[in-house]
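Features reported for this protein in TrEMBL:
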type     : residues  : note
DOMAIN   : A:71-278  : domain 'ABC transmembrane type-1'
TRANSMEM : A:21-42   : transmembrane segment
TRANSMEM : A:77-97   : transmembrane segment
TRANSMEM : A:104-122 : transmembrane segment
TRANSMEM : A:159-181 : transmembrane segment
TRANSMEM : A:201-226 : transmembrane segment
TRANSMEM : A:257-282 : transmembrane segment
């Protein structure tokens, strides 16, 4: 009886702790999501929104090449950014964790994430100045005689990728660094004692153990990158539109909320699929 | 040591209190500065402090400005707002009817406006007046045509609209990211008057839009388009005009604009009072200030972009250099060789916007 009463009290306490978070999630995620899903089934006729309860917007998305292309552009940019960021962040995190003396590691990390302290928009515009025809890179290369005519760097997909990579390398460096410093040095010593060379130690011991850090960082990069509107808008020069830009066009120019909701749902589905893929690979799901 | 810490704490406390006091004083001063607020949904030329501050000082009011580009964006903002959020609305002259149909604009007493001082060609009663009631007044006008750097391109090439989709200047062209005027220009290039532009013309227009995109370097809004032309990133701006080059006339005399032989698009912006405004009298005073010769001169030479003032009396408040940059004396010819924006119905508008996004995705 006493045990049952204790259990009830524990349960109540647990619910007491969980309820605020649940209410928050319901109020600011579940309900807005249901509303958005419902609006995606409506239709825009002229300046009126009619609750048609059909999938016309979804069909239109797959039928209209310029809308579908938004998704492919987003995926291509996001995957490119994620891969390049991982390739650049891993050595950086490794150097900070393994080569920088411990007393300087904190300072090195701060230096690595320093660009985080500036505004995201300002950082994107700064890249525009660096990459412009009369920007720092082109002027330097022309001055050094490496090129005779300025390169087309700004207003391209490459510019968008550079802007993103600059941001996400910092994020990935943090997640990978956190993994590297948690790894006991004995694992590597044991592998070396058993005859593994430096590369084998890295490939068979270090890399698998730091994979969670890589995947967490890569997933965050994927999510933040695929949903970003600012960087492609500023650095891409409107020469192609990523899905968030297409969504903004529906809202800003057409007030077509049903189509914007449809595109947003599709974006969420893609992010969910990415999460499922990562969760399975990392065996993060509960069994 | 403890004395030192204590002194440090006292100093920090003093600094913190001082900072709080200063912030509080600033906040109170700001509150005391203006007794009323007016919310205006405008184009970027209205955000110039040189234009707004004289009104704010005269009427002891704080004017909150939100800028937008394109009627669709403006109406979208209104749809997402609550009635009464906005007091004043600046809108494309050709879209006043749309706003009236939506019940957005209030009637303005015709005798409250200086209609007789407005250049007759831009009174645009057919747009600003609905069923005999005046809902808006033209405040500024200009042209969407071709701006260019005359030291880098052959000005003679610019006389033919087809230059915007030809290969001759490939990679040196920027396009102003507003579908209506640019589609109108492409239509003019194909010999289609804006008033006649319909759904049947869209396949041909799309073809030229895609060709134009192929040879262009970027498609951007006002500031990025202007920057691209001014910094030499591009040599031609499709959709440009005096509103892009006049503001830079002193610093960049190499920039010029032209109305091609096929004609150009004439833009005209109107200003009106919002129907649900809770301060209609103050809103009307703002409209009257903007339409006064002083307000018109300031609006014409706003830091965002220049354009011809609708009120002819504004000339008295403009310098000769400003009038020359605006080409004050050439307006008669320009007005004859220009057409108003296309006025698509909802279906054609959707088709045009789809074509525009398709072009961007090329």
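Just so you know, the numbers here start at 1 and follow the chain as drawn.
Placement of Cβ uses the backbone N, Cα and C atoms for every residue, glycine included.
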Per the Cβ filter (under 8 Å) with a sequence gap of at least 6 from its ends, the transmembrane segment (A:201-226) is approached by 74-75, 77-78, 81-82, 85-86, 89-90, 164, 168, 171-172, 174-180, 183, 187-188, 191-192, 243-244, 267, 270-271, 274-275, 278, 281-282
Suppose I define contact as three or more CB-CB distances under 8 A, residues 6 or more apart in sequence; do the transmembrane segment (A:257-282) and the transmembrane segment (A:104-122) meet it?
no
The answer for the transmembrane segment (A:77-97), taking Cβ pairs under 8 Å and residues 6+ beyond its ends, is 105, 108-109, 112, 157, 160-161, 164-165, 168-174, 176-177, 180-181, 210, 214, 217-218, 221-222, 225-226, 232, 242
Tertiary contacts of the transmembrane segment (A:104-122), defined by C-beta under 8 angstroms and 6+ residue spacing from its ends, are 92, 96-97, 166-167, 170, 173-174, 177, 230, 234
